[in-house]
Amino acid sequence: MQAANPIWAEVQQLLQKNLSKPSFETWIRPAKFNCFENGLLTLITPNNFTSDWLRKNYSETIEKAAEEICGHNVKVVFKSETNINNNSNSSDSVSQQNINSQSKSFSINQSNNLINRSKKSHSLNTRYVFKRFVVGPNSRMAHAAALAVAESPGREFNPLFICGGVGLGKTHLMQAVGHYRVEIDPDAKVLYVSTETFSSDLIQSIRKDGMHAFKNKYRSVDLLLIDDIQFLEGKEYTQEEFFNTFNALYEAGKQIVIASDRPPSQIPKLQERLISRFSMGLIADIQPPDIETRMAILQKKAEQERMNLPRDLIQFIAGRFSSNIRELEGAFTRAVAFASITGLPMTVQSIAPMLDPNSVGVVVTPKQVIKKVSDFFEVSAEELVSSSRRKPVSQARQIGMYLMRQGTDLSLPKIGDEFGGKDHTTVMYAIEQVEKKLSSDPNVASQVQKIKDLLQIDSRKNL
């Protein structure tokens with residue numbers, strides 16, 4: 001498969017001018033040229049989901065652009081990289097998408113949550129837009145599905161059910177759909193509510209004989225975004241009314257997006273018919289972000305705040321807060337506030353005691369590991385991360401890789417990057433060799449322990 005092609009490059013340039021930036025970045029840019037023979041343009045996409053979406057929504061657009069460039073009829077076909085790699089054992093064919101996108105703003109029209117566009121005020125968080133969402137392996141599927149329903153509501157995934165733990169970005173994605181929808185269609189009626197609000201509105205309407213107004217509020221919308229649906233648990237009458245609301249919107253072709261901390265089948269005391277309705281579209285889960293995604297989130301937040309954070313500080317914060325994004329961003333905010341109030345520099349040494357009192361004296365960064373190892377074995381840091389195969393250097397490098405794996409939260413590929421761009425398999429081999437020697441070679445065991453003592457990484461939480 002060719003990495004690039006002049007014709008496809010020109011077609012992409014033309015499409016970039018004619019499509020919105022989110023659409024181009026999400027669907028067109030990831031497509032790679034495969035071949036162009038006898039008027040047949042074959043493109044490779046990251047996965048089945050992208051292939052299907054391009055085929056249904058962009059085939060004609062791409063063909064017209066290609067015909068304009070080539071001067072003759074062109075037919076486009078899409079092949080999934082997933083299928084090419086024979087990766088058919090994946091549990092979900094839409095679980096991998098290379099998506100980068102942007103979006104904008106929104107307005108809604110009724111009561112506190114459904115407001116007229118001209119009022120400029122609304123209940124959706126202005127920060128919760130697609131361009132501020134950092135996509136990682138943990139959230140690619142959910143992000144792609146959210147963008148898909150934002151672009152074409154009521155078609156592919158209805159309802160879209162986003163599930164995941166607290167603080168992982170469910171509400172962000174849900175509200176981003178609302179922002180995007182009204183940016184595309186200013187007259188769209190978008191309603192975002194929590195399940196508790198839905199239940200409270202229902203109770204109030206019953207007490208005040210206002211069911212007509214209640215039904216009008218919830219069933220006249222084009223897009224219903226309902227958060228924390230797990231709170232329907234055990235509320236029989238609320239479930240009954242939500243079932244009716246769901247059916248009314250679905251039958252009218254309106255889009256429904258639901259968020260929950262668990263899949264529909266795991267919500268206790270939820271009616272089977274609701275479980276069935278919630279499962280008839282797409283269930284997309286969001287997992288906790290890995291270290292690389294957490295670092296990307298912090299970097300993006302720093303850029304938004306126009307701050308320049310040292311890489312080792314970003315690594316430190318990302319390594320200490322791994323459970324959810326909310327805690328991660330809270331730690332960033334505290335670090336910035338602390339530095340501002342005290343006048344101390346934004347460094348690991350100054351920020352660590354505030355974020356993690358137990359980390360005083362045991363903060364380990366990749367640079368520190370490399371320095372301690374190079375000093376201990378009396379080789380230069382440059383030589384340690386080089387490709388030198390001299391035995392003293394290669395042995396020191398293997399121990400350095402082992403200690404970096406033990407003392408930091410970096411993945412194998414990232415450790416390889418720290419050691420001059422080594423492949424992750426090289427890092428894995430080095431770690432395995434050191435682990436074997438620890439039990440068979442007292443000299444190596446002593447060397448490793450001495451450097452550990454210098455770094456004080458035995459007391460770190462991940463050991």
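Each residue's number is its place along the chain shown, starting with 1.
Using N, Cα and C of the backbone, Cβ positions are placed for all residues, glycine too.
Feature list (source: Swiss-Prot):
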BINDING   Gly167, Gly169, Lys170, Thr171  ATP binding site
REGION    1-84  region 'Domain I, interacts with DnaA modulators'
REGION    84-122  region 'Domain II'
REGION    123-339  region 'Domain III, AAA+ region'
REGION    340-463  region 'Domain IV, binds dsDNA'
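Sequence-distant contacts of Thr171 (ATP binding site), defined by Cβ-Cβ distance under 8 angstroms and a gap of at least six in the same chain, are Asn125, Tyr128, Asp227, Ala259.
Packing around Gly167 (ATP binding site) is summarised by its Cβ count: 17 other Cβ atoms lie within 10 angstroms of its Cβ, all protein chains included.
Cβ-based neighbour count (10 Å, all protein chains) for Gly169 (ATP binding site) stands at 27. For the ATP site, the Cβ centre of Gly167, Gly169, Lys170, Thr171 serves as reference, and the other residues of the chain with Cβ at most 8 Å from it are Gly164, Val166, Leu168, His172, Leu173, Ala259, Ile286, Ile325, Arg326. Sequence-distant neighbours of Lys170 (ATP binding site) (same chain, 6+ residues apart, CB-CB distance under 8 A): Ala142, Ile162, Cys163, Gly164, Asp227, Ala259, Ser260, Ile286.
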